[in-house]
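According to TrEMBL:
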COMPBIAS  1-12  compositional bias 'Polar residues'
REGION    1-22  region 'Disordered'
TRANSMEM  89-113  transmembrane segment
TRANSMEM  134-162  transmembrane segment
TRANSMEM  285-303  transmembrane segment
TRANSMEM  333-357  transmembrane segment
TRANSMEM  369-392  transmembrane segment
TRANSMEM  456-483  transmembrane segment
DOMAIN    700-772  domain 'CBS'
Amino acid sequence: MANITKKVSWSSRADESGAAGEETALLNGSELSRHLAKESQRGKPKEIPHNEKLLSLKYESLDYDNIENQLFLEEERRMSYMSFRCLEISRWVVCGLIGFLTGLIACFIDIVVEELAGIKYQVVKENIDKFTEVGGLSISLILWAVLNSVFVMLGSIIVAFFEPIAAGSGIPQIKCYLNGVKIPRVVRLKTLLVKVCGVICSVVGGLAVGKEGPMIHSGAVVAAGVSQGRSTSLKKDFKMFEYFRRDTEKRDFVSAGAAAGVSAAFGAPVEEGASFWNQMLTWRIFFASMISTFTLNFFLSIYNNNPGDLSNPGLINFGRFESESVAYNLYEIPLFIAMGAIGGLLGALFNILNYWLTIFRIRYVHRPCLQVMEAMLVAAVTATVSFTMIYFSNDCQPLGSEHSEEYPLQLFCADGEYNSMATAFFNTPERSVRSLFHNQPRTYNPLTLGLFTLTYFFLACWTYGLAVSAGVFIPSLLIGAAWGRLCGILLASITSTGSIWADPGKYALIGAAAQLGDYHFYQYMKPLYSHNTEVFPGGIVRMTLSLTVIMVEATGNVTYGLPIMLVLMTAKIVGDYFVEGLYDIHIKLQSVPFLHGEAPGTSHWLTAREVMSSPVTCLNRIEKVGTIVDTLSNTSTNHNGFPVVVQVTGGDEPAKLCGLILRSQLIVLLKHKVFVELARSRLTQRKLQLKDFRDAYPRFPPIQSIHVSQDERECMMDLTEFMNPTPYTVPQLFRALGLRHLVVVDDENRVVGLVTRKDLARYHLGKHGLEELQLAQT
């Protein structure tokens, strides 16, 4: 069924394992039903027009709440104190493995990118040097464009045709996953392989992208796989960590993997778990981040022929700022704030342009072949624009012994000089940022920086959203560093003493922070961890304060902590006035049911009755197998949880709630033929255990694959043992949850007790603690 969900989704096509009914987009039940009814009368359903208010049925929620049914409680009672301690040790072991493997992946990406990019730029440089003297530089242009297009074509093909969910940095997808949305295929092994190979091809292909963002997605995939002790893609079960095969545990490990990815990319493990309420989870996340950083540094030190040097801050290293060059005065604070406002405006412009470009792609560039062609076009245009600007630039700088350019191009400059424009374009983005931060004053002229900023801004905007694996952190940082250095040069030219206080590298650092804003990943987890404090996001992606930590650790200087924070706050205020952050925009375009950490300001008067869905499909505690199969097969009511009720004697009163059971549980019960009649006739071989549910997790078979004969449809199924007998319930007039007083009621809703903080503390003290407390009081 062709519809907007298929076209808007990250994968740009329907999930292979999804049913047709799961691909329908909806605004609300009644409006969707009317739309589909009209279209079905006309024949083949047409595409639903794009609307940001549409929600996709393709995305479902994760099961955060433990299913405390009889099987679960029996298993917990059998576990001793030592068993719980072993489980805690296993969690630490898993986090260590996550950090180690994530660090290895980051090291692999970094080494391969450096080697391939070095070969490409060396070949193009030699070709340009050759044809500069004899003429025919058009051959060099064609060579550069072809090399870029070939690499990008390979990276785009594996993404568009083999695993579309691997496109982009993956941060919006992981943000949604940690928000509670089950994104199809987001943490598969195939996704990881395509992500790693794709980001290598994208960076080597010369696109305006970075390799740091995808490390977050890679770490999350590693965590999801390692924590389960098996690979469903390879059909290999190591019989390890079976207890962790549920969404509650898997989510925590994915957060640790994402933190390890941040740490490997930016070398900032200290702050990653600092705002979580769960102390043990905080320390495990910190441990995974520390192991990831250590692993990356250890292997990179061996690669750089300096074994034992663990001072590498991560995949990005901007070099150390000397204290004298980064000193700032009080009168510069207003200038920094003004630069923050400029960063907010440019970030808002970037997001708006990318939004409309994404809408265009949704409507016209949704086929895989078109996506590959667009990626190749962008690669060729990037090479052509870069070559053209280098060719027409007359910004020649002396080539001294201390130059930091990796591939200096002489082109039409005199002997002993190099083309300054080539330093910005003819290099990897990370090296270009480093040159803007640390090159000596008068290395760039204002016209060079202005043209580079304008050109690279639109190239980065066009590139983000292609069917390639790539991040937006480094391109945004490079844009900000370029116009920041330009501001420093202009300020230095105003006064005779400007060259003393307006160091270009210093203002490049401030501009970089203003353009990007905070790249911290864990603001995405705020809906899960309510005590996470969001502070001063800014720029394009607008996240939390840890860009300060990232910039400090990447530059090796803490002097600019305060100015960077002021810049972030200003960029956040200015940017939010116009548009949302870049990732939030793309999440909304994907029609994902994302829940923000705070409710809208006008929603405080709402009650549960005004937002609930009704009528509700319920199941009896002892239900007919045929009814269960029909309910699960009904695509119009594709629910994943069903209230379990028991009919009250008399028949006129509504059924009484006695529990909740999930679609996945019912499928496992049907698969194992857990029927009352078979149990009575002793035809079942053994009693169903939690292991059977964990073995089926997370790829539960679809209901269409479960064969139920006509005789079995007449059997009954007792759901008592498998349902959750204590689901969360609220009255119709429910508006908020205050946990200072928790009223306890019985089955008839009669008050039997009240739980307060002191009751919980009293239970925590235990019997002996209470006796000692009473003795002390007397």
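Note: Cβ is positioned from N, Cα and C throughout, glycine not excepted.
When Cβ-Cβ distances under 8 Å to the transmembrane segment (369-392) are tallied for each of 89-113, 134-162, 285-303, 333-357, 456-483, the top count falls to 134-162. Outside the transmembrane segment (333-357), and at least 6 residues removed from its termini, the chain residues within Cβ reach (under 8 Å) are 457-458, 460-462, 464-465, 476, 479-480, 483-484, 487, 491, 507, 510-511, 513-517, 538-540, 542, 563, 566-575, 577-582, 585, 589. Of the recorded ranges 89-113, 134-162, 456-483, the transmembrane segment (285-303) has the largest number of C-beta contacts under 8 angstroms with 89-113. Taking Cβ pairs closer than 8 Å, the transmembrane segment (456-483) reaches residues 12, 152, 155-156, 159-160, 164, 166-171, 194-199, 201-203, 207-214, 316, 342-343, 346-347, 350, 353-354, 357-358, 361, 368, 371-372, 374-375, 378, 381-382, 385, 424, 429-430, 432-433, 436-437, 449-450, 508-509, 511-516, 519, 539-541, 582, 586 in its own chain, all 6 or more past its ends. Residues 192, 196, 199-200, 203-204, 211, 215, 218-219, 222-223, 226-227, 241, 243-244, 253, 256-257, 260-261, 263-265, 284-285, 287-296, 299-300, 303, 314-315, 428 of the same chain lie 6+ residues outside the transmembrane segment (89-113) yet bring a C-beta within less than 8 angstroms of a C-beta in it.
Summarised as a single figure, the pLDDT of the domain 'CBS' (700-772) averages 76.
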